[in-house]
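Features reported for this protein in TrEMBL:
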TRANSMEM  20-44  transmembrane segment
TRANSMEM  56-76  transmembrane segment
TRANSMEM  88-111  transmembrane segment
TRANSMEM  160-182  transmembrane segment
TRANSMEM  194-217  transmembrane segment
TRANSMEM  229-255  transmembrane segment
REGION    442-484  region 'Disordered'
Amino acid sequence: MSITGAAAAAGPRRKDRTHYLYIAVIAAVVAGVVVGLAAPGFAVELKPIGTGFVNLIKMMISPVIFCTIVLGIGSVTKAAKVGKVGGLALGYFLAMSTVALAIGMVVGNLLEPGGGLHLTAALAKSGHAQAAAGGAQSTADFLLGMIPETLFSALTQGKVLQTLLVALLTGFALQAMGPAGAPVLRGIEHVQRLVFRVMSMIMWVAPVGAFGAMAAVVGATGTAALKSLAVIMIGFYVTCVLFVVVVLGTLLRLVAGVNVFALLKYLGREFLLILSTSSSESALPRLIAKMEHLGVSRPVVGITVPTGYSFNLDGTAIYLTMSSIFISEAMDKPMSLGEQLSLLVFMVIASKGAAGVTGAGLATLAGGLQSHKPALVDGVGLIVGIDRFMSEARALTNFAGNAVATVLIGHWTGEIDAERARRVLAGELPFDELTLVDSHGAASGPAAASDGSTADAPEAAPETAPEAVPTRGTATQGAATAGV
């Protein structure tokens with residue numbers, strides 16, 4: 001039986017099973033909202049349930065990043081190829097962050113959402129607390145913070161940038177070892193399968209975690225804050241939607257010929273997971289698996305996705321400039337055009353410190369204002385009450401931005417199988433929800449085992465043709481544009 005046939009045969013049974021899981025997540029989110037409104041005091045006490053679920057996922061992020069990057073870099077023969085992908089990714093991230101910041105600034109000026117609001121002493125105190133939590137970090141501190149104390153502390157402490165550095169060094173070292181590094185690569189590939197299997201097990205408690213998280217935030221926020229700050233909330237959500245559909249969608253269609261709605265549908269379950277946790281990090285392992293399954297090569301996925309989670313935060317960028325202008329208007333201290341432009345430049349750098357963790361955007365906003373215009377720090381307290389709801393839009397936009405970036409960079413480097421992408425987005429090659437990794441990317445071809453096993457081909461490939469492991473999406477395999 002062919003790989004494709006095996007996947008197709010197994011698909012419906014597995015799809016039905018996980019389908020009920022995500023229906024349960026939706027029901028849990030609705031139930032959490034109801035409980036939060038009906039019994040806010042009790043709902044707030046449920047916060048540890050949501051926190052526990054997010055922590056379960058976060059404990060798997062460092063192993064996923066490490067395995068993905070090491071396999072992506074260690075499986076190619078030329079370091080220049082890795083440098084090309086990394087250079088394109090960083091250039092794209094910088095450009096899109098600037099665009100997102102500019103859009104947030106324009107919308108903030110058009111809506112003028114801060115008019116008519118008043119700052120109390122309590123809110124000012126809250127703003128200073130956030131500034132203390134997100135204090136500005138010097139360049140030296142940022143760079144030194146990327147270096148772990150030990151080789152393994154990056155993995156045990158969950159520091160994404162430190163894990164990224166260790167994985168890069170390990171990947172390049174294995175690349176330099178040549179055939180001698182193949183056994184290590186095979187071992188890491190087995191570890192990756194184990195990590196994804198654990199992830200699939202954790203997902204079965206998602207309904208419980210979603211219920212606790214949603215109930216707690218609704219109970220703590222209430223409806224009063226939502227009503228008083230409805231303009232900026234609605235404006236921010238609409239801006240994020242337009243950014244994804246118009247800006248990212250147009251770019252995706254023109255460059256890769258891919259329909260953004262088809263891509264968003266393909267990642268629908270990940271969006272639901274993010275919606276319930278307000279953290280794009282919760283879906284990072286699944287994004288890596290799904291991008292490889294889509295047909296993007298392993299080096300591109302391994303470099304672009306983890307790096308994007310630290311440097312490609314489009315939703316956070318929109319939030320930073322839009323909220324800054326909102327605060328300046330609410331405090332009757334409007335910024336001139338020159339001040340806004342200098343703030344935009346400053347936030348390009350500040351936004352790189354906001355990882356995909358819930359609440360990081362608010363701390364980054366406060367820390368950025370503390371460094372750029374301290375007089376506005378008091379106003380951060382105005383949006384503390386609704387930041388959790390805005391965090392959901394930030395996380396969803398950040399996630400969509402990284403998914404689009406992976407497809408675009410795969411296209412620019414010729415490292416995406418366009419025909420496979422078309423078939424995956426059309427639903428012809430379903431994603432394996434049970435293992436996340438064992439069968440994704442098992443495109444039919446000479447490297448595929450005839451018995452449907454996906455383990456043998458990638459394990460043997462590093463010894464004979466190192467670049468064959470990740471590059472099922474090379475230009476020769478899928479030169480046609482995916483007109484999805």
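Each residue, glycine too, has its Cβ placed from N, Cα and C.
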(Q) Does the transmembrane segment (160-182) come close to the transmembrane segment (229-255), meaning at least 3 CB pairs under 8 Å for residues 6 or more apart? (A) no
**Q.** Stretch-level contact, the transmembrane segment (160-182) and the transmembrane segment (56-76), CB cutoff 8 A, at least 3 pairs
**A.** yes
Q.
Give the nonlocal contacts of the transmembrane segment (194-217) in its own chain as ranges (CB under 8 Å, at least six residues past its ends).
A. 18, 21-22, 24-25, 27-29, 31-33, 35-36, 43-54, 56-57, 60, 63-64, 67, 273, 276-278, 285-286, 289, 388-389, 433-438
